[in-house]
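So that you can see what the record holds, here are the features copied from Swiss-Prot:
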type: DOMAIN; residues: 16-121; note: domain 'Core-binding (CB)'
type: DOMAIN; residues: 169-354; note: domain 'Tyr recombinase'
type: ACT_SITE; residues: ARG210; note: active site
type: ACT_SITE; residues: LYS234; note: active site
type: ACT_SITE; residues: HIS306; note: active site
type: ACT_SITE; residues: ARG309; note: active site
type: ACT_SITE; residues: HIS332; note: active site
type: ACT_SITE; residues: TYR341; note: active site, O-(3'-phospho-DNA)-tyrosine intermediate
Amino acid sequence: MKREQLIQNIEKLKHIMPSYVLEYYQSKLTIPYSLNTLYEYLKEYERFFSWLVDSGVADVDKITDVSLSVLENLTKRDLESFILYLRERPRLNTRSTRYGVSQTTINRTLSALSSLYKYLTEEVENEDGEPYFYRNVMKKVQTKKKSETLASRAENIKGKLFLGDETQGFLDYIDNEYEKTLSNRARSSFFKNKERDLAIIALILASGIRLSEAVNVDLRDLNLITMVVEVTRKGGKRDAVPYAPFAKTYFERYLEVRSQRYKTTAKDTAFFVTLYRDVPSRIDPSSVEKLVAKYSQAFKVRVTPHKLRHTLATRLYAQTNSQVLVSNQLGHASTQVTDLYTHIINEEQKNALDNL
């Protein structure tokens, strides 16, 4: 979704929200939460507050009028009814989802509500320096995580990683072979953004940064001499992330054409830009997702930018055998999330031994 459209959608949702949700939104902007995250949270709040009104839990006619006391006095049973509503309503009212929304969707909804409740019961201050209320019913609700072993996750993901020579092979394919699959019209469009697209993909493959971190990189953030890119991690923390040398040439090629092709000036600080009606702007995450999907599907298998991040992490662990180093590279506080990469590498080593 384009940034302009995203902002418009957010404004529409803000218009129907209670005042305390708007306070929450403003507070999270200062951290900062990304606009995409806040948009997803606002959509969850719209669904929740609509249920409060429609079910009669809140004795009001509009979402805007749902008071703080409704949230304060919401019971565990009320929330369980809401969860059942999420599970059952799609089955009753649509043909596309036979068994209701997924557990992942429910967990996302509850996560958004937990964030709002934490703000209202712990973070916000009224005139007396106290939170709006203290009772947090979300602490009584358990979420069910998807049950999957590391072996299963590794098996599902390893076919979508560009390991070994495939990392450079993927970039070479985009650079030299992809155009041969296109019509003359499509080829012209491809050439307009070829250097930029290669630079974006190379950055993620060489550093493992998140999609949101990549699109928010500014010109001043990327150092071609030290081969370090500065990013804003989750929670608003700044981090200096080294990137692999193979990406440098793609950055240089993109910078050679950036100002002329995208008509940028000194005020256009975003590293990755797009041009619409002769006006340059920062590229948005959905555009990157689409271009990664397009190129990867033509090369081998359709993947997401997050799979490119997994690719870097797996390759880095294969070279270092250090979960701490991989965790630092990815911006994780714990090494627990890197267990997956050790399992993938163990499987790759086993397969290599089998072929001896």
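Cβ atoms are placed via backbone N, Cα and C, with glycine included.
Among the active-site residues LYS234, HIS332, TYR341, not one has its Cα within 10 Å of the Cα of ARG309 (active site).
In the three-state DSSP scheme, HIS332 (active site) is classed as coil. Ranked by how many other Cβ atoms sit within 10 Å of their Cβ, the active-site residues ARG210, LYS234, ARG309 place LYS234 at the bottom. Here the CA atom of LYS234 (active site) lies 21 Å from the CA atom of TYR341 (active site, O-(3'-phospho-DNA)-tyrosine intermediate). In space, HIS306 is the closest of the active-site residues LYS234, HIS306, HIS332 to ARG210 (active site), judged by Cα positions. When the alpha carbons of HIS332 (active site) and HIS306 (active site) are compared, the span between them is 14 angstrom. Helix, strand and coil residue tallies for the domain 'Core-binding (CB)' (16-121), in that order: 77 helix, 0 strand, 29 coil [DSSP]. Listed in sequence order, ARG210, LEU211 are the same-chain residues six or more apart from HIS306 (active site) with CB atoms under 8 A from its CB.
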